[in-house]
Amino acid sequence: MILRDEFGLVAGTWQSQSYLLLFMSLLAIHTQADLEAQKDKHSWKAGQWGRCMGEDCGPGGVQTRTVWCVHSEGWTTLHSNCKHTGKPESQRQCFKVCEWHQELFEWEVSEWGSCILVPYSSNDQKLRTSKCVTAQHGIQQRKAHCIRKTNRTVVTDEICEFFTPRPTIEQACLIPCPHDCVVSEFSPWSACSKSCGTGLQHRTRAVLAPPMYGGSNCPNLTETRTCNNHLSCSFGEDEYKYSLKVGPWSECRLPHQKEIRLSGRTMLDFSTESAEKNNVKPQVLNHHHHHRYHQSKSWDIEIGYQTRQVRCTRSDGRNAMLSLCTQDSAPVTFESCIMPRDCETSDWSPWSPCSKTCRSMDLSPGYRTRTRSLKQIPAGGGEDCPALEEKEACNIGGDLLPQCPRYVWKTTEWGECQVTPLLSQQDCRQSNHSVLCGGGIQRREAYCVQSPDDAISHKGKEVSRPANGRLCPGPMPLVAQLCSIPCPEECLVSAWSSWGPCIYENCKDPQGRKGFRLRRRQVIREPTGTANSCPHLVETIPCEEPTCYEWHVTEEPICVPNKGTCGYETRTQKLVCKNNQGEDVSDDQCMDDPPPSRLPCEVPCPMDCVLSYWSAWGGCSHSCSSKNAEGKQSRNRLILALPGEGGKPCPPASALEEWRLCNDHPCTVFFWEVSPWASCIEDTSMTTLNATSNWNGKPTCAVGIQTRKVICMKVNVGQVISKRCPDSTRPDPIRPCLLPCKKDCMVTPFSEWTPCPTTCQPANATITKQSRYRIIIQNSAHGGHECPDTLYEERECEALPICPTYRWKPHKWHQCTIVPDSVRIGIIGAGEACGQGLETRVVTCLRDDDETADMTECLQRAGPMPSMAKRCKVPCKDDCTFTTWSKFTSCTGCGVTRSRKRSLTGRSKKREKCHNTELYPQVEMEPCPCDEYVSQPYGNWSDCILPEGRVERQLGMKVQGDSNECGPGVRYRASTCSDPDGRLVDPSLCSSSGYIEESCAIPCPFDCKLSEWSSWSTCSSPCGSGVKVRSKWLREKPFNGGRPCPKLDLKNQVYEAVPCYSECNQYLWVTDPWSACTVNGVDKALDCGEGVQSRKVKCVNNTADSPGEIVDNTLCDQEEMPFEAQICFRPCPGDCVMSQWGEWSICPQPCDPKSVQERTRHPLRFPTADNNCPEDSQNQSCVLNTNCFTYQYNVTDWSTCQLSDNAVCGQGTRTRLLDCVRSDGKPVELRYCKQMELEKKWKLTIHCLVECPVNCQLSEWSPWTECSYSCGLQGQMMRSRSITQQARGEGRPCPAHLAEARQCPVKPCYKWMLGEWSQCQVEGAQCGEGLRVRNLTCVVHNGSLSDPVSAKQVEEEMCEAKLMKAKGQELQQPCSVPCLGDCHLTEWSSWSSCQLTCLEGRSFETTGRQARSRAVVIQAIENQDSCPQQVFQTQTCKEGKCLSYEWRTSPWTDNERCVWCQRSDGVNVTGGCFLENRPSTIRHCHPPCTKPFSHCTQSGVCGCGKGYVEVMTAYGFLDYCTKIPGPDNKKADVKTSAGKLKPGTSTIQDFLKEWSIQPFGPDGRVKIWVYGVTAGGFLLIILITAMSFLVCKKPKQNKSSPPQQKPLSLAYDGDVDM
């Protein structure tokens, strides 16, 4: 027990300690977890890396960033709270980037990767055909790295990002919808494989479009089925059949020292690799050569051998014993071959400099290339030569490149304006160009220069040099423009004024008694553009007793008696002092005593004689006075009343007229005459003024003076002394002028020298020259520096070495090499050493000095290398042997043949087979070469071409129709040169040029020819404005592109009309004084009362001084002619005598009938006491167009545009005139309108423009282009010119054809022509691996290979330079002939049509695709397990089309139809159409359509046939079909049972139908009685309703719910009335 208790105590104590230890451990773990958790709430956070800092550029820089400890809640704490082990770096090494590093580093980007579909969801990139309509969105990516330019190594991207941002590495793209494989229809079934028993037959189809973008794969291209023949097979006919099958040739190999002998019972297999069974590519093999040359001088080839296996196969595909396939001749199982040798090339040359050396605006990349040369060409089917040149883009961005120089167009100054080019051929002014003016044409030259730039400002001369015009962007500036030469205008002056009074020369200082009388005229238009000045404007005549101021009587009062009625009285007159201009001045100016202001007068008494007042002085008889003639003028007065008894008598007749002298100045007239102004010369006295830069507001270099002579002239005499002319009217002999600035000649610097050739020159090449030029920008003028004489320089280029020539030299053929004996002996059946082999020769490269050169030189410069090996044969002992061929016999001429012979040798003479000349010909014949050739013309004649050198320049441009554009020329026609066999040969063998030439002529153009202008017609109006015209008429019409005629009228005339003006007062009516009043009374003694008086009226020419000579009365206005006689009244003695009536007063404006005008008279003699005086005033109403007139200006129409007589076109003037027209429409003098002070608001002259007849201007002919074809009949050479100035106005039009063409000499075309592939041929066996071959023939043709007749065979040497056979198309192609029972592939199908990938009819790509395929053919069911897979190929193609696919259906037949897919070009296909849209082939209706005349429609419901309409039940199902009413049954009411037309109508219905009332007439209209019945029925219904209401009305009851109404259902029965 004790022991047990102790044990228990110890156990309890241990248990307690364990609990305590566990508790402490848990507490420690918990504490540690709290600490860990506290630390987990803190984490390190780092900022961005700062800039790389360092003393030097490149590696070694230091980059820092800030690192801090952050609590999870976001606040920063001490670093100790974060784990130190996970603290990020705060400093690192870096690469310090400097500006110059931009030239060392650049971004390198890869090509864009393929377009990858954007996933619809995570990890989903599957194309969804059902959702795709046109295309799907995708992404394509590329890589971008920063690299060092020197070694293209990748560096950190931060270096490149320092200069340029990282290129885009991802972009969006489109992936077209999946395209399923599209195949054609099946071919017809093949024939049965067996003629008896059970066989197989098949049909195939071809791939038209491969699957693309995830579309479904192609279906099986072959369908096979069994076929049974009714004939049973005979015994043994269905047993196996055997075929001898050969395998492919092994690789060519060299014989070993020890050959392995192989043998076997059933087959011989000499291949060393089992994989060679499927290698069907033929290889041209090599042969070892015994003579060796240095590697660089010649190449060696080695001859080896190759073998193949032969086996016997059974129709079930199994191998059989070889003896079962025995045949007469065993197949060859070994042959010589050329050992393969790969092409060898040299190392790449260094990259050429980048073609882009500067940064341009188009951002296009530059390119650089590198090349390598051939060291050895391939042989024996060795690896072909790779590309010898590589090209890659460089400087794509170009950001580091300097800016490309920019080029701009510059122009010279405009040349002189010339009118001559605008003249027509017949213009008479062609001989005198100096007087031409008006519109002209001027030219300048445009040239291209480098645009100035700040970076190259120090190269000022470089940038101003002329450069090639192709460097300048944009169109060239205009080099021709219209201009104008001002036409000279003569001075236009007014008419002379009247002679003025005799005045002193200087009224301020009057001296002597001599004076002058003056008359003046004004300058209406100053002269322009001419040296002629205006004529003299002042004429003087000497006179005596000059006065500057005179007294003038302004008013003469009437003599009125103061007392009584008659007697002597006085009258007072008013005097005014006036100067010689008629202006009032102060009385002090008049030095003479004034006339008396009071004059005596007499008033007659009643019985005295009464005289009228003196009339005005008449016109002067002479304009001046001389010794033989004096000017006189007179005035008179009349006897108004005779005296009575005791009265004062009348004076005698002589006292009634007075005369005085007039125009008493002599007839000698003097004037100042001036010469034209001299040229402007420098005035040394104005040096101060010359220092200024402008004068009178105009910039000038200096102010000069002009002088002219001033002399006194006497009319009709000549020069006299200056004293005879008044000095006050002397013109100025001197005036200031502007001296033009000197202008020096300015030329551009010389352009760059044209480049010289840098490589070697051919042996017969001429010495090339280089040239440069400069352009005159500004010509010298006004004494400036003259232009240099040399504008074009030329020099010879430096002599270059002659280019070396190389040629191939083939050596003799060596002995024929066959398979070595060591190989041949180990083959079963091999005997003697004979058979097919190879022979080789050495080909070396020689220079022109016959020294051996490196082979690569000839490969580059000597054309294709001659062959170094060919097939040969070592005869066996049983073979036929012959002598060598003899030489060909001589030829006797063209069209004959020559021959050569050989003969049998040795034992061959005794062998019968050797005498078979079909197999072994002993004579060969060939046609003799012929040097006779036939030339025949071909094609049309060319345009008529003028000989070179006839083209000249006019104003730097060709002008259509000039003399150098017409005349004799030559036209050409190509000729073919053929040999007697009709083959084209070089044309030089027939003629030197290859053309037939013929003289021709280009007709010269003739312009429209008009007559000269006729004289101006007289003015159409004698008074006021009118029109005068002149005309030209057509003499010759234009032809051959001459200037067209202006618009002509029906009489082939052209007119000019201008307004004209005839002075209305040019001719005046002049009247003499009235005669005395003659009384015709009976009592002559009384001599008073009413009488008649007359006067003379004459028409005279109006002059400035006075009326002139008498002219015909018709020239004066007949309506205004004064009366020649009038009734008068002579008062009797004692009667009152009145004076003549005064003028009527002027009517106020405007004319008003209420206004009056008045005239007065006064008594000259008062009557006796018993008589009274008549009225002394009269008035009358102002009546419009009777005694009151208004006036207004009237403007004429504009004239045609008038040019100077020496102008062709340009600025002219159009004029119109201003008339003064009276209110009655009569033109009057302008002074009437001026008196009315009417406003002149019209411009009477405006400028106009006559379009210049600019002939079409053409550029020079371009050089003849190269021939469009290097050979053949289609070649053409072209040259063209462009229009630099379109024809304008009546200029010669541009020609319709701006190009000339002529055929090229017909040169023969040589071409290697490939023949058709032969059938697959297996040598020495029935099946297995074989070859199909085709021929490569050199043919000559006329350039049109579509014409097979034109291609004729010629020697191969003609084509050697065109195409190397070694690099030509394959002439052999591996193939296989299936053995009996083999499962095999068909031949390749034809290439399908080229199809593009399109979206909605638009091409998705530029190149299309086409496909071809091979289907599998099973010949025996037993072999179907060994069948190959069907294959198809695709290739890119051009000129593809967008093709679409859609479902097509046939008509329904018993609710079934055919559905197929058809391509848009009409080809039925499988695939291409969307299966989701496939129409149904069978249609079903539920419930079935069992009603008569019903059928199931495409929508799945029952419908009626044609001619029937559906009647539906209330549930929407077909109830029955009713017939649509026809002409006899107009319209049945199908809504009621009466209108139902159910099948099988009865006889009663037909009877009722005939006797029923028809509401419609025969014409289809409703009958009249229907309207009546309808109206009556309506009234009846109203009556019945009213009666029912009255009868059925009941007392009011409690409301109750109405009975449940039956629902109304309507079924549409197809009637339109519904």
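Placement of Cβ uses the backbone N, Cα and C atoms for every residue, glycine included.
Because TrEMBL annotations are produced automatically, they should be read as predictions rather than curated entries.
For 1-33, the entry in TrEMBL reads signal peptide.
Taken from TrEMBL, the feature domain 'Spondin-like TSP1' applies to 181-230 (among others).
The feature domain 'Spondin-like TSP1' is assigned by TrEMBL to 343-395 (among others).
The domain 'Spondin-like TSP1' (609-667): residue composition by secondary structure is 4 helix, 19 strand, 36 coil, according to DSSP. The feature domain 'Spondin-like TSP1' is assigned by TrEMBL to 609-667 (among others).
Residues or ranges marked as domain 'Spondin-like TSP1' in TrEMBL: 745-801 (among others).
The feature domain 'Spondin-like TSP1' is assigned by TrEMBL to 1008-1053 (among others).
A mean pLDDT of 87 is what the model gives for the domain 'Spondin-like TSP1' (1256-1309). Annotated domain 'Spondin-like TSP1' per TrEMBL: 1256-1309 (among others), in sequence order.
If you look up TrEMBL, you'll see 1383-1442 (among others) marked as domain 'Spondin-like TSP1'. Across the domain 'Spondin-like TSP1' (1383-1442), DSSP assigns 6 helix, 24 strand, 30 coil.
Feature annotation from TrEMBL assigns domain 'Thrombospondin type-1' to 1487-1526.
If you look up TrEMBL, you'll see 1568-1592 marked as transmembrane segment.
What TrEMBL lists as region 'Disordered' is 1595-1618.
Feature annotation from TrEMBL assigns compositional bias 'Low complexity' to 1598-1610.
At the 8 Å Cβ cutoff, the domain 'Spondin-like TSP1' (1008-1053) and the domain 'Spondin-like TSP1' (1256-1309) share at least 3 close pairs (sequence separation 6 or more) and count as touching.
Residue counts for the domain 'Spondin-like TSP1' (181-230) by DSSP state, with H, G and I taken as helix and E and B as strand, are 0 helix, 20 strand, 30 coil.
Break the domain 'Spondin-like TSP1' (745-801) down by DSSP state and the numbers are 0 helix, 17 strand, 40 coil.
Residue counts for the domain 'Thrombospondin type-1' (1487-1526) under DSSP, split into helix (H, G, I), strand (E, B) and coil, are 0 helix, 17 strand, 23 coil.
Mapped onto DSSP classes, the domain 'Spondin-like TSP1' (1256-1309) shows 0 helix, 17 strand, 37 coil. Sorting each residue of the domain 'Spondin-like TSP1' (343-395) by its DSSP state yields 0 helix, 19 strand, 34 coil.
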